[in-house]
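The annotation domain 'Histidine kinase' is assigned in Swiss-Prot to 356-571. What Swiss-Prot lists as phosphohistidine is H383. According to Swiss-Prot, the feature transmembrane segment maps to 4-26, 39-61, 86-108, 115-137, 152-169, 176-198, an assignment based on sequence analysis.
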Amino acid sequence: MLMILLFQRLGIIMILAFLLVNNSYFRQLIEERSKREKLVLIIIFGIFVIISNMTGIEITSDKSLVERPILTTISHSDSLANTRTLVITTASLVGGPLVGTVVGFIGGVHRFFQGNFSGAFYIVSSALVGYISGRLGDQLKTNNLYPSTSQVIVISIIAESIQMLFVGFFTGWDLVKLIFIPMMLLNSLGSTLFLAILKTYLSNERQLRAVQTRDVLDLTQQTLPYLRQGLSQQSATKVCNIIKQHTNFDAVGLTDRTNVLAHIGVGQDHHIAGQAVKTDLSKSVILNGQPQIALDKTAIACPDQSCLLNSAIVVPLKINNETVGALKMYFSGDKKMTEVEENLALGLAQIFSGQLAIGIAEEQNKLANIAEIKALQSQINPHFFFNAINTISALIRLDANKARYALMQLSTFFRTSLQGGQDREISLEQEKAHVDAYMNLEKLRFPDKYQLDYHITVSTKMTLPPFGLQVLVENAVRHAFKERKKDNHICISITDQGEFYKVAVSDNGQGISPNMIDKLGQETVSESKGTGTALVNLNNRLNLLYGSASQLHFDSTDQGTTVWYEIPYQKGDKDEHFNS
């Protein structure tokens, strides 16, 4: 009889658990485990543990079972069979020792007051169960995954055994004989079911992210040749066809700021290339530069009453933070836009914006000085690009979040590279973002191999040549450390020297050979890992911009190398400063 009643209570807890795990906010909480997330988990499981106490089975002093819907109080001589230990164990496995201990303490305190100030030992036993379960769970985790089913069962048995030891010592072993087997089975089964549900959801989510990232990469590779041609009707039609073939959208469109460039799928009979943008939704996105989602025809606001498009996401395409068009994805019929489609559209728009920037830069390059542009373009090392792509491809299978992060870093790197190719000078902030993107990608390839530090005490308005830091940092990464696997430090220093800024990049590498150092920055060299063209190009641009006094200097010993140059002050340089 007790077993049946307890399993009824288990059903209540499992229903609540299913509703909880089905919530994306809760799944985010358990993956991050910051202080704020732990506090929220304590609140959630604290409520659960109180519910467990209040839905328990009352056992009188003569071992009779009393079933009441809600147990607000019980006699000090009575006991409870409940799911409290199950909730505490689950909280510990999900949130760790701290969450488990606090939830156990909450459950024990509530049980103490529920029993008319009897059973103080429950406070200690419940907190101890939470701590031990959490510690065991953390130690048994592999690859940031939860313990296996067999391990969860063992932890649950240990947790229930601890609780029963306290019950036996303080209330008598007859009660333990009555409730131990049902409670142990209940706790083991409940914890296993909860973790199984949770792991299934998390696994599906990770697989979905991996698929999304792979889809974005596939679409990026296929659309790159067309978007680099710029936004035209011909290139837009090719891109829309590719997206339509590789997604489940019913229609895909591209616009510039005023006209439809292409519309493939449902509605192409009246969303016609070359005509003005029709829908209020698209006009609003282009005007405000913010993505918008429409969940019905009214929100899309197409003037054609026969239009079958029922939901949409429209995302701006931007170059240098200026909206140049919009990517539009539609569903018809009863299909609705979900978070999956939203993330796909946002990711594509960001990548497409970068591809368009590449196209614009290439067009401008044709009109610029060919020799200088070739030198600038040499900064985007093709080996670095292919290494980054290979890293992202590997991460897709291992860690979708890291793959997405790497993709964004690569996008930042190329965007800042292309902006640098258009300008004679850029801000220190822009150059720093370029360096950070480069190093973040290198750190993904070689975790723990490099450490980059900044010592910057100058104005945020300071300008310097494009690649004025990145070239030197990349030079250190490629040449300074040879095969050394760790303790490789690079420091960027920009300081105020009175009449000029001193820009220096130092490393603790193995130094530069004396017969090589006089050639660097002055002429190309023959070396297995490069020719020094980037250093020559940077040195020439320093001379052109600031005169012969500003050129690369190399100080090197077997303890490391410092490469530095000077930049004269410019008006407004001392208004704002970094804190690095």
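Placement of Cβ uses the backbone N, Cα and C atoms for every residue, glycine included.
Between the transmembrane segment (176-198) and the transmembrane segment (4-26), three or more CB pairs separated by 6 or more residues in sequence fall under 8 Å, so the two stretches touch. If one looks beyond the transmembrane segment (152-169) by at least 6 residues along the same chain, the residues whose Cβ comes under 8 Å of a Cβ in the stretch are 79, 85-86, 88-89, 93, 121-122, 124-126, 128-129, 132-133, 136-137, 140, 146, 175-176, 179-180, 183-184, 187-188, 190-192, 195. At the 8 Å Cβ threshold, with sequence separation of at least 6, the transmembrane segment (39-61) comes into contact with the transmembrane segment (4-26) through 3 or more pairs.
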